[in-house]
Amino acid sequence: MAFVTRQFIRAASSSSVASASAKKIVVKHVTVIGGGLMGAGIAQVAAATGHTVVLVDQTEDLLAKSKKRIEENLRKASKKKFAENPKAGEEFVEKSLSSLSTSTDAASVVHSTDLVVEAIVESLKLKSELFKRLDKFAAEHTIFASNTSSLQITSIANATTRQDRFAGLHFFNPVPLMKLVEIIKTPMTSQKTFESVIDFSKSLGKHPVSCKDTPGFIVNRLLVPYLMEAVRLYERGDASKEDIDIAMKLGAGYPMGPFELLDYVGLDTTKFIMDGWHELDAQNPLFQPSPTMNKLVAEKKLGKKTGEGFYKYK
């Protein structure tokens, strides 16, 4: 009987350890790599919701600009959120900023983080190199996530030894205002990792949706082919770009027409996504390049940011 009891205790203990190891990671410490619009937005939202955040970029000048933008955005948000209590608003800003620090050395800060969110330039080579390097310094439990909008998460994760602790976390611009986050689960992403990043997204006040590692995930997979089909409609001479925009706003209730949206996003951004998809599946009719868009990008007419795209801007 004593032997049976000892065996039962061992089995129960073993089961308890296995259960503990399968518990979700509660993300408290976040490292955001890249201080551009997306990275700064993610850092801002994380800091404002009680997380300890380190924002990483290449130079102190870039980080200073990012932190200034974050502070300005926090003050704007606090005026709306605490319109009747300015003191509480100031406390909210100060508390959020105190939770945010910066660094130019990612390797030196990831050893104590729960989650690394990468938001650098859309380059598989650069993202892979970054994660391969950080994989050597990050703690065993640390989850890696990429904010890529167009690259395969699996391809980036393969640069590391923690494919089970790797996922896609695709935020939308502007991050503080847009409620959606796409959670990308690769075939190697563990359920523990998946549930941990779902919970993290919710803790930011976001609405997470899940998707497999398919080109464009959900939103861009539907949005980009729609935009490109509008361009093809225009290229065939079936309708003017002005009438296409008006039709989609008044007929479909969209806030912007496809050409207005293309100019707003940046023609180079859309072309980059389409080129990547075309490389993956050249026979797919939805992924065919556009001569008109290629010409505009070659002429540096990228949309609102350059003053001209499909439309001219003053």
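Just so it is clear, glycine is given a Cβ too, placed from its N, Cα and C backbone atoms.
Feature annotations, reproduced from TrEMBL:
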{"type": "BINDING", "residues": "Gly34, Gly35, Gly36, Leu37, Met38, Gly39, Asp57, Glu122, Lys127, Ser149, Asn173, Lys305", "note": "NAD(+) binding site"}
{"type": "DOMAIN", "residues": "29-214", "note": "domain '3-hydroxyacyl-CoA dehydrogenase NAD binding'"}
{"type": "DOMAIN", "residues": "216-313", "note": "domain '3-hydroxyacyl-CoA dehydrogenase C-terminal'"}
{"type": "SITE", "residues": "His170", "note": "site 'Important for catalytic activity'"}
Rounded inter-Cα distance in Å - Met38 (NAD(+) binding site), His170 (site 'Important for catalytic activity'): 10
Residues that sit under 8 angstroms from Gly34 (NAD(+) binding site) by C-beta distance, when 6+ apart in the chain: Val56, Asp57, Glu118, Ala119, Ile120, Val121, Asn147
Residue distribution over DSSP helix, strand and coil in the domain '3-hydroxyacyl-CoA dehydrogenase C-terminal' (216-313): 64 helix, 3 strand, 31 coil
